[in-house]
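Structure first, then comments.
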Amino acid sequence: MGINKVIQKLMAMVLSVFFVLGMVPVSAVAETGSTNIFTKPHLSMYGVGYTAPSAKFTDIDNHWAKEDIDYVVGRGLLFGTSETTFSPNTAITRGMLVTVLGRLAGVDIKLYTTSSFIDVKVGSPFQPYIEWAYKKGIVQGIGNSQFAKDRAITREEIAAIFTNFAKATGYTLPVTREAITFVDDSNIGSVYKSTIMTMQQAGIMLGEHNNKFNPKATATRAEVSAMLKRYIKLSINPPAEGWVLNDDEQYLYYKDGKSLTGWQDIGSGNDKKTYYFAGDGIMISGKWSEIAGKWYYFNADGSLAKNTTIDGYQVDKNGATLEDPNKKDSSNNGSGGGTSNNDDGNYDPTPDLDPKQDLDVIDKDEDVVIYDDSEVGFTNISVPEDSGEELLQGVPMTNYLLYGYNVLKYGFINARNIDQKYAIFDNTKVEEVGEDGEKLYYKITEPTASEIQSLFSRSASSLYENFDISSSAKYKSLFFSGSVKADYGLTTTLNEEKILIKQIQYHETGNQSYIVDVDTLRGLLSEGFKNAVNKYAKKESPDYNPEKILQYYGTHAITQYYLGGRAELNYLFTNRDQADEETIKLSAEATYRGFSGKVQAGDDTKKKLVSENSTTKFKSIGGINISESDPREVAKKYDEWVKSIKEAPVLCGISNYDQSLIPIWELIADKDAADEVENAFVEEAKKCEVDLSQFDSRPMYITDIGVYSAKESDQAKNQVPNGFVMVKLNPGTSSTEILEANKGAGGNWIYIAYKLSPDKERAITNIQVVSGDNNKVTGDAGYTKIPVDLNEKAGGKYIYLCYKRITDNEKKDVNTKCLKEIRGIYTDSYSVTEPWEWPYKSQNENLNSGSRKSSASLIRLLVRKGP
């Protein structure tokens, strides 16, 4: 043995001892082949030696991230929230995350004794770590010298902070994965895109359900534990291969840096098992799945079931059955036992409901899934300041009839937005009573009601247009629009597919309203308000500035309001399947019922449209504060929140606009001064309109189109690029059934898909289906042929799809119509109605023309155009 190898072995022995003791930087040791090499430390990031947790956490025993939590807790990076709890599903905050990273880096907190932020107190536990992270460029404040340490952090923010941490500690994150494009890439802030790609390629942050990243969603303590473990392991070991658990608790399998797809045999000898991975790499498990016309059952561990009976169906040695598990014996009405299949044809372990039951509402306590975490992203934007317990700490209930509200600056009526220093009405006058002891000017009633209101808009600047506001009110669409950007996380222009949906549920405990006319109200004005009018609304005053009236007192006086609590669900919905408005509304209502615990029969199916195609933001006002970040935990706490409202009610809503708010200028007797205030309101409204119009939707056009063919259905679907829409059946409906261009004819599985974009410069104006006896057939002049035979391996004619792009002359004509949607039909008896039409010269072109099989469907395409 050479002297160098002897030294290497001795050094390895010493390092192994020191590493276990936590005395050597993790980054000081890297293994390459048979040679140990030394590299520079990552900003004192030391090997974190393991110490068994001193207390057993009772809330992680069955948690998917238990091993990750044990790993980081044992290394002193995260601690429990009590002696026996870890709170794995609680959102992690900005302050907590940088503290954990500071511990990982071994920061000397004695070096950071000042604070750069007014909301971070010197000497507080997080302060030195926040200051360290700020000084090292790992994290920034939120503006106005504030840090917001207790604010839940989003997944895209975590990606940026981890990336900055790696740079600050001198560590180059490796590329261990192929870059992927998440289906919700458009929701990722532009400043975060590169850091998310860095974290994804390093394997530290992975996608969630359906290849979505959910950038605006918060991350739980459990999820961050998993990220930390991956980061530490990555800095010690070579890039991981094999099984990987993503951020949505789903398994993938990596080989040579790529996630496997399709059928795979993994393991060796007696341990070899067969698995199936979807196009996004996710392992299918615990359900039936149809693949290439056959049904397979995958066990809970993902392995294919073979030579057995599942749910009464015999599967052969290859794991297949030709019987459709969806088609159960209809004579079995279900008695609450057994299993069922959901609308996707997949096994669903929820109990069957008896169709004979006279049951419109399923109580929350029954064994029914009330909420399923399948949104593009969920964020709880509730804040403690909106809760009744926060607003009412030792303070008598406020009479909000004394004040005004700025309907342009703020969102829907909220006590937090009322400055009680500026009362429009004099409290002493308002509280006067008559000889009978009753209030002279207002009344109090105590209704106990609950109602739901729905708002639906394709435009950010007109969301509240359908609110109960007088049609004569100026700028009615802008009322309460001040929080639209925050409520929906708007950062860029909406595309034509985006729809804003707001579901509001009021739980009313009381009602206060004036019972006198405007002339009487003028006699109740406060001296402060009258002085402000003289000072700011009269042109002869040296302090003339009518905007100040609106700034201090609001735009409208409150004349009626409800006390209680309010919950909002704000959906930024992507209408990929062109569903009609009524279908979307019914789906949104079903999704909301999942939170409120009053699930109706059929809601699981109805809610999918909205819940699986939306980013969702939840907000509660009044009662206790709901702080949970996991939608399932929010749903569980909903009943408790409703019950707490009675003890802690707040200003939660108004009835119709005319009864509840009057323009502040109508209270001003001096007409000239009133006109000045009204004009100031109009100018402010114009600014708001411009501000919100930047988010209003732009028309979307088909800019790219492709034909995808393969021997197996999944193989063909996997060819479809991310962001493309697959052509579906039945024009003018919300059908989600995908058109098979070779249906019933044998041969390859063939799908047509297209991409929508606001770029009219590249828009496609029409398509043409052409057929012939050989592959030389082409479209008319100006049409580009897609060289994939729509009859591939099915016999019959050669059939091709061609497309025509917008010309320079057509671009100049604002009335030029371009393709918006393509759909298909499986029939020869179809009456075409506007806005649908046949493609160019293609009314009689059957995509299965000349097929040798009698079972071949008659398939035709239709298109929808728009300017």
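For all residues, glycine too, the Cβ spot is worked out from N, Cα and C.
Here's what TrEMBL has on this protein:
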- 52-110: domain 'SLH' (DOMAIN)
- 113-176: domain 'SLH' (DOMAIN)
- 179-242: domain 'SLH' (DOMAIN)
- 384-699: domain 'MACPF' (DOMAIN)
- 699-867: domain 'MABP' (DOMAIN)
- 316-358: region 'Disordered' (REGION)
- 260-283: repeat 'Cell wall-binding' (REPEAT)
- 285-304: repeat 'Cell wall-binding' (REPEAT)
- 1-30: signal peptide (SIGNAL)
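The domain 'SLH' (52-110) scores a mean pLDDT of 83 in the predicted structure.
In terms of DSSP secondary structure, the repeat 'Cell wall-binding' (260-283) contains 3 helix, 11 strand, 10 coil. The DSSP breakdown of the domain 'SLH' (113-176), given as helix, strand and coil counts, is 23 helix, 4 strand, 37 coil. The DSSP breakdown of the domain 'SLH' (52-110), given as helix, strand and coil counts, is 23 helix, 2 strand, 34 coil.
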